[in-house]
Amino acid sequence: MSGYPAGHYEDGYGHQEHGGDAYYQDEHGQAYYDPNDYGDSYYDRGNYYNAEGGQAYGQEGGYYDAGHQDDYYGDQYYDQGNGAPRGRRRGDSEEDSETFSDFTMRSETARAADMDYYGRGDERYNSYADSQYAGRGYNGYRPPSSQVSYGANRSSGASTPVYGMDYGSALPGGPRSREPYPAWASDGQVPVSKEEIEDIFIDLVNKFGFQRDSMRNMYDHLMTQLDSRASRMTPNQALLSLHADYIGGDNANYRRWYFAAHLDLDDAVGFANMKLGKADRKTRKARKAAKAAAQQNPENVEENLEAMEGDNSLEAAVYRWKSRMNRMSPHDRVRQLALYMLCWGEANQVRYMPECICFIFKCADDYYSSPECQSRVEPVEEFTYLNEIITPLYQFCRDQGYEILDGKYVRRERDHEKIIGYDDMNQLFWYPEGIERISFEDKTRLVDVPPAERWTKLKDVDWKKAFFKTYRETRSWFHMITNFNRIWVIHLGAFWFFTAYNAPTLYTKNYQQQLDNKPAGSKYWSAVGFGGALVGLIQILATLCEWMYVPRRWAGAQHLSKRLMFLIAVFIVNLAPGVVVFGFNNVLSETICLIIGIVHFFIALATFFFFSVMPLGGLFGSYLKKHGRQYVASQTFTASYPRLNGNDMWMSYGLWICVFGAKLVESYFFLTLSLKDPMRILSPMRIHQCAGVTYIPNSLCHAQPQILLGLMMFMDLTLFFLDSYLWYVICNTIFSVARSFYLGVSIWSPWRNIFSRLPKRIYSKVLATTDMEIKYKPKVLISQVWNAIIISMYREHLLAIDHVQKLLYHQVPSEQEGKRTLRAPTFFVSQEDQSFKTEFFPAGSEAERRISFFAQSVATPMPEPLPVDNMPTFTVLIPHYGEKILLSLREIIREDEPYSRVTLLEYLKQLHPHEWDCFVKDTKILADETSQLNGEPEKNEKDAQKSKIDDLPFYCIGFKSAAPEYTLRTRIWSSLRSQTLYRTISGFMNYSRAIKLLYRVENPEVVQMFGGNSEKLERELERMARRKFKICVSMQRYAKFNKEERENTEFLLRAYPDLQIAYLDEEPPANEGEEPRLYSALIDGHCELLDNGMRKPKFRIQLSGNPILGDGKSDNQNHSIIFYRGEYIQVIDANQDNYLEECLKIRSVLAEFEELTTDNVSPYTPGIATEAETPVAILGAREYIFSENVGVLGDVAASKEQTFGTLFARTLAQIGGKLHYGHPDFLNGIFMTTRGGISKAQKGLHLNEDIYAGMTALCRGGRIKHCEYFQCGKGRDLGFGSILNFTTKIGTGMGEQMLSREYYYLGTQLPLDRFLSFYYAHPGFHLNNMFIMLSVQMFMIVLINLGALKHETITCRYNSNLPITDPLRPTYCADLTPIIAWVNRCVVSIFIVFFISFVPLAVQELTERGLWRMATRLAKHFGSFSFMFEVFVCQIYANAVHQNLSFGGARYIGTGRGFATARIPFGVLYSRFAGPSIYAGSRLLLMLLFATSTVWTPALIWFWVSLLALCISPFLFNPHQFAWHDFFIDYRDYIRWLSRGNSRSHASSWIAFCRLSRTRLTGYKRKLLGVPSEKGSGDVPRAKFTNIFFSEIIAPLVQVAVTLVPYLYINSRTGISNDNERASNAVVRIAIVAFGPIGVNAGVSGMFFGMACCMGPIFGMCCKKFGAVLAAIAHAIAVIILLVIFEVMFFLESWSWPRMVLGMISAAAIQRFIYKLIISLALTREFKHDQSNIAWWTGKWYNMGWHSLSQPGREFLCKITELGYFSADFVLGHILLFVMLPALCIPYVDKFHSVILFWLRPSRQIRPPIYSLKQSKLRKRRVVRFAILYFTMLVLFLILLIAPLVARDEGISVNLNIMSLMQPLDTDNNDTISSYTGNGLPVGYSAWTPSAASASA
């Protein structure tokens, strides 16, 4: 009994010898609750309606009162749960363990009624402690378990929160206590009393070795659930339904697993006698041995035979299961629930493996019922379960991803395919073949041990042998072939059918344009019929890919050989007729061929439809078949999709019929028919005359038209894919709008009279009035709710006092003498009338938005609310890592960023002027009251003037006195308008206020009962709110917070004592060399403050190790999920908000789960087939993005979220396609926690953790709904960088999802309409972005090939009225006009595809806010260039997915939540966006430049805009980018950024950027020198060689081919009449231009290396910058060489501009390919430090040890690539800066630019920063210096560009015809014949040049 002073604990509860437990009181023992002090002061009836000064203020909820301590809680319902050190915790001796006394001293006699110290109080309201006890310190302290258990009689000790055991209530004869779980009160009705439940828990702890704290936590968890259910049904029904949900019901995961894994057969006949499927050799041997053993034991055999004689079908097993469940006693049901919860509550990472927990529970349950367990006397040691069962599994998980290096855990360099993740481990338990793999060191199997003995043997299992990969998440594009095979089938099949029919020239022998001869009819049919073979080929590829990803050894893998055989047969059937028609048409008659062709076509059509509709998993004998038990696990866990019924099903069919109907019609007429003429023209076209290129055969030149045609068809195919997404967006939007009218959420349904009927609707829809005992007039009840809403808005400073007066219900004298009546505000009537809009609240204000949405939403259909007493309990769960809790004064009123021009407070005042005004008035009233209280005299007239001046500080910073209570008000005002945790918590605590308000309004008898005692009334309301609503923040870093964070958290806890905080507590290792011990701990505002400023935790549960193994967020949620309470969880991010009027609807929202009413039928009645209703797993809610309207970027981000979270969610939920639980969704607690938790957590793979919860829910049979009448606020990113970080995170996360098994299950098993909904809502969006960017690139490639063709040919005179058989004039011309028309159509298509993203936003605004709001918002968007941002975002998305699928490296990117007002330096922006966008944009712009000079058409203007967007968006959306001074200061920074980092290391430098972009391919060396470098770098594993090969070698090589071919063609000298002309040597020319710089750079590098080695060490002593100077010279030479080579190209092309541009495009592609080749194939891994780079320039290699031998060679190759890249970056950076010059020269451009970015009027603009004199002078000097440099560079660049053009026009040329290097200008080549002679001349071509065009015109 050490540690407990004797005599303190008698008879199981403790006496307070020291006059009470002071921490529940303040020092003076005064009253705990002062109604004027707390935020809910409007519950005080006396002052309720008096809104004139005084009472109504409540100061923002009363938290500003600095003296507001946590002693406010007078009601003692809250148990601390740990008053003294717990039993064995910090190394106490064994004797201290409570288990010793507990187990042996059980005495049933202590249960007599006269000793009911634990207060089974009755349900009346008079059970508060008598006032005689108040203030005396009898504080109802309830000792924690570790103390209670020493009590002599009652030994339980687990009744965790006994909320309120004051002496007055607990002593016999005194008033009864308030129950913690009132609905589970101990009257005769409960099947098991809570004391018995407690005993069950203690018994289980002693038998299995669970932790005490975990037991107390889970006891509270179970009791809260029972209480929650029993409040709306009988206790017996509550227990039964809970048991059915967890263990035995049709929807219980445990029951489904039990039958899926054939454990009914194991229980019946044993594993040895089961017929099992495939297994490896080792397992087969083990099976044989087990069978032999069974045969040796004849008694067992008889039993087995007896059992086998019985019926082992699934039906019989289900019957046996139900009867077993039916016979179970309530006590046994509770025991099973308790055991399951205890297993789950300590399972750490194993909670991600639901079937593994089921297995553990099954073993434990079998063991419990065994004689061995029942006869145990000694309790099992605490922590046994954790250490023996969970920790080995945890360690296996952790070791998959981490290894120990120097005593620290370091991430292994493994990609997902090598990591056995949570899902692989979990899937071992799906099939009996998996379970039988579980064996011990001695190779015996766990399944050969009798079930009852398995638990004790579980600790000896060798898990390493058991687990294996069940799905390979190989990083590859081939996943898409398998997962989305039906998308390829539908699109490629339809495209083939359309195109083949319209391309007869491709299969017409000797086609002649003047004859327009057609192919035979059979060929028409058969050519189209080949589409069936194409579709079959896709399916064959999909099956082969599936073979790669699903290991054959997994029992759930489908048999693919049979399917493959079938598919090959189908392929042959679809191919053979075509081969006959085309190959044997000479042998067979045309009639037979025609019949074969027609049959071929219909076979193809049938194949196409069959493969389009049938899921891949359902082909030819699938495991989707319902009969047979072999694959029941895969059906259960991956294909239990809830069926769509009725309207939903028809809506789903309707949507997709509309989408594809419209798509196919439009694609046929717009895309296919527009390609018909180009195909007819280009396919037979031959180049007539062609001198060709040296070393290259002439056939290339002649085939240019066919190459172009191939590229055009590919381009058409990409547009064909894009069309589908376009129509999906349009149709989805139409369906969504139709549904919004149906629900009444649109403002275009005025017949609903949303305002005039609002009071009636509040009465009928928000209040549960049917069960009210005392009936009041509706107006009395409505007025209380309405006034509460208005006052809450007033408190939040949204409404001024005069607005409030107009909006409140007022008491006025009535006609009857002495009576008073309520007068309703005129608002309800006049608000419908548009002319009165501004009378009640400021136009366009937050208050208007909130009231309008509230009125609108209660007009929609809502479930009827239950009374508060009967509503279910729910928890709000908020994960928090490092987000701002509360803004500090320093952050608000000083400019933090060196580049920012505004303080946060200034900016917020600009954004919310009206709210700031209300706040200031409020503060002044408060200050005046304070000064009057302090006895200051009244002011006279003269003082009034002075006070105006004195009030200035209020308007500037919100306070005049620096007293904390005033500064805190300003901090809170700002925090409530930024994205802070404080805003989130204060918003979601409105649930508590709403519940109290509803309870008070609906139960007037409660108010009457307490008479005038508002303190007791408030206590009763608090009790109810606390019982029904919990809020828990998971602050994993809480224990490591700094002082400021700790203070802010403490402030939160004092403001909201019911706020629970779960955090990770760390203890140093007990022994040297061990790991530190980690605990999940929980505190709240009632917990005792310790001396170190921390609070004493209520629960502290030890973990197996560090739980943060993944990307953080999901692990953070997982460790705190054990502290959720009740039936539902609302998952919230730390940047959200909620409002009182929304919280009032919570009962209707929870009713959407369809669990509030249950039939009184037992789910366990055997023989009766219960109709399994699919449970609702997730309920989505709307989001209002409160960061909209803070400028263009914030608004774009907000509009995206709004349309996705509301507009699309509305239809997707309806048609079963919604997966996301975007936050603020509600989750079904039991459903989700028994199926792997609320998110997944494998590092990298589950980066977008929340969507996996949605996919799991869908696959496992849960429905996902969307609720239209409830919305929370949410913040979004506001700055360019943070929005794109978020975009990158989503994009890379999507790349990871493509690899995931969930996509495989959904893609290969969903029915067609559901599959399409899933595809287009999730992966389709990202693939669409990739197709958009692919189409842009393809279009540019088509344009350069077309440009080359047009440049070298003469275009025919075109007349669209003439028939196509008319001869072309002039003869041998090229008929390119239809091709130019096709180009224009493509531009239109791509343009529409980009702009379709604005349609949902426009429609959303139109339906919900009206035409004017839509017009203004869109006008603002377009006026702010948001379309350029859209193009850029599209590229970032596409790049993120592409990079991730190639290289991986997905990681959580923390996104900024702050306001983006700071200017970011050019160098930083360039390095961040060069790789993803600027490089690609500049390559495409070069191509566009060539196209513009050869095939100009006005439609290309759109491409100039969109491609410029890819390059300049980062700078265009950078605040103050065009401020004159800042621009040149920035230029200075850019020059420094380029040059630094070569003599000493610098993180922000060009060389650091260059090395970082290399490491993707090379990876880092594993040797960690000293401290591992930044987190970002360590997580990047080296990409797989095959991935590097395809994306870094093959892709650039293709780029070389598609740019080199047109370059060689344009230099082929076509149209030469003279046959003796020599071919030009374009190959050597391009080689000189491409390889020249590389050679020079290599020479320079080698030479400088020698210089550095010889001179570096000597010069380094005196000249510190020797290395930097050497590097600068080398880099300068590289730049000069690049500029020289540009001129050389110009010169060698005889000053021809188009040829030079195309030559540079081609040379750049070749150089890029060479550099990628060097980096991919020749470079070894990179060091994390950059010593070798510095050594190269300084010659100091001796620091590098042995590496100084290997590194110089590697560094030489690096330098070759670096110099090449540097020269490109230097030139490109300057060009970008020059492009900004025109904008820079516009007067007042900075003001205009800021208007665009921040949407602030020029009058409210942000002032320029103020500098000291010294700073100003320095800045001016720098500006002058660097402006001179900038303009010098500009002039130099212009000279280099213009000089050659002048030389050409002047006719200056040098005939330098060595090796025919010079390209003749060939301006006069023309071999067309103007006069037409003869007929049937072959169509030929000749070269055309600008001058030739004029000649031939």
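The backbone N, Cα and C atoms fix where each Cβ goes, and this holds for glycine too.
Summarising the annotation, Swiss-Prot assigns region 'Disordered' to 1-106.
Per Swiss-Prot, the feature compositional bias 'Basic and acidic residues' maps to 8-29.
According to Swiss-Prot, the feature compositional bias 'Low complexity' maps to 74-83.
As annotated by Swiss-Prot, transmembrane segment applies to 487-507 (among others).
Positions annotated as transmembrane segment by Swiss-Prot, on the basis of sequence analysis: 525-545 (among others).
Sequence-distant contacts of the transmembrane segment (591-611) (same chain, six or more residues past either end, CB-CB distance under 8 Å): 485-486, 489, 493-494, 497, 520-526, 528-533, 535-536, 538-539, 570, 573-574, 577-578, 580-581, 585. Per Swiss-Prot, the feature transmembrane segment maps to 591-611 (among others); the stated evidence is sequence analysis.
The list of residues near the transmembrane segment (655-675) in space but at least 6 beyond its ends in sequence, with Cβ under 8 angstroms from a Cβ of it, reads 490, 494, 498-499, 502, 712-713, 716, 719-720, 723-724, 726-728, 730-732, 734-735, 1211, 1215, 1312-1313, 1316-1317, 1381-1382, 1385, 1389. According to Swiss-Prot, the feature transmembrane segment maps to 655-675 (among others).
Annotation source Swiss-Prot lists transmembrane segment at 728-748 (among others), citing sequence analysis.
Among the features that Swiss-Prot reports, transmembrane segment is placed at 1386-1406 (among others), with the record citing sequence analysis. Remote same-chain partners of the transmembrane segment (1386-1406), defined as residues 6 or more beyond its termini with a Cβ less than 8 Å from a stretch Cβ, comprise 670-671, 715, 719, 722-723, 725-726, 729-730, 733, 736-737, 1199, 1202-1203, 1206-1208, 1332, 1335-1336, 1339, 1342, 1413-1414, 1417-1418, 1421, 1427, 1430-1431, 1434, 1497, 1499-1500, 1502-1503, 1506.
Sequence-distant contacts of the transmembrane segment (1473-1493), counting only residues of its own chain at least 6 positions beyond either end whose CB sits under 8 Å from a CB of the stretch, comprise 1284, 1288, 1333, 1336-1337, 1340-1341, 1343-1344, 1346-1347, 1432, 1435-1436, 1439-1440, 1443, 1500, 1503-1504, 1507-1511, 1513-1514, 1553, 1557, 1603, 1697-1698, 1701-1702, 1704-1705, 1708-1709, 1769, 1772, 1775-1776. Taken from Swiss-Prot, the feature transmembrane segment applies to 1473-1493 (among others), supported by sequence analysis.
Among the features that Swiss-Prot reports, transmembrane segment is placed at 1497-1517 (among others).
Annotation comment: Swiss-Prot describes 1588-1608 (among others) as transmembrane segment, evidence class sequence analysis. Among residues of the same chain six or more beyond the transmembrane segment (1588-1608), those with a C-beta under 8 A of the stretch's C-beta atoms are 477, 693, 696, 700-701, 704, 707, 711, 1341, 1344-1345, 1347-1349, 1442, 1446-1447, 1487, 1561, 1626-1627, 1630, 1699, 1702-1703, 1705-1706, 1709-1710, 1712-1713, 1716-1717, 1719-1721.
Taken from Swiss-Prot, the feature transmembrane segment applies to 1630-1650 (among others), supported by sequence analysis. Same-chain residues lying 6+ beyond the ends of the transmembrane segment (1630-1650) with a Cβ under 8 Å from its Cβ atoms: 1604, 1607, 1670, 1673-1674, 1677-1678, 1681-1682, 1685, 1688-1689, 1692, 1703-1704, 1706-1707, 1710-1711, 1714, 1736-1737, 1752, 1756, 1759-1760, 1763-1764, 1767, 1861.
As annotated by Swiss-Prot, transmembrane segment applies to 1701-1721 (among others).
Among residues of the same chain six or more beyond the transmembrane segment (1826-1846), those with a C-beta under 8 A of the stretch's C-beta atoms are 1528-1529, 1531-1532, 1535, 1683, 1686-1687, 1690-1691, 1695, 1697, 1700, 1774-1775, 1777-1778, 1781. Taken from Swiss-Prot, the feature transmembrane segment applies to 1826-1846 (among others), supported by sequence analysis.
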Spatial neighbours of the transmembrane segment (728-748) far in sequence, C-beta under 8 Å, 6+ residues away: 651, 654-655, 658-659, 662, 856-857, 859-861, 1207-1208, 1210-1211, 1214, 1268-1269, 1320, 1324, 1396-1397, 1399-1400, 1403, 1407-1410
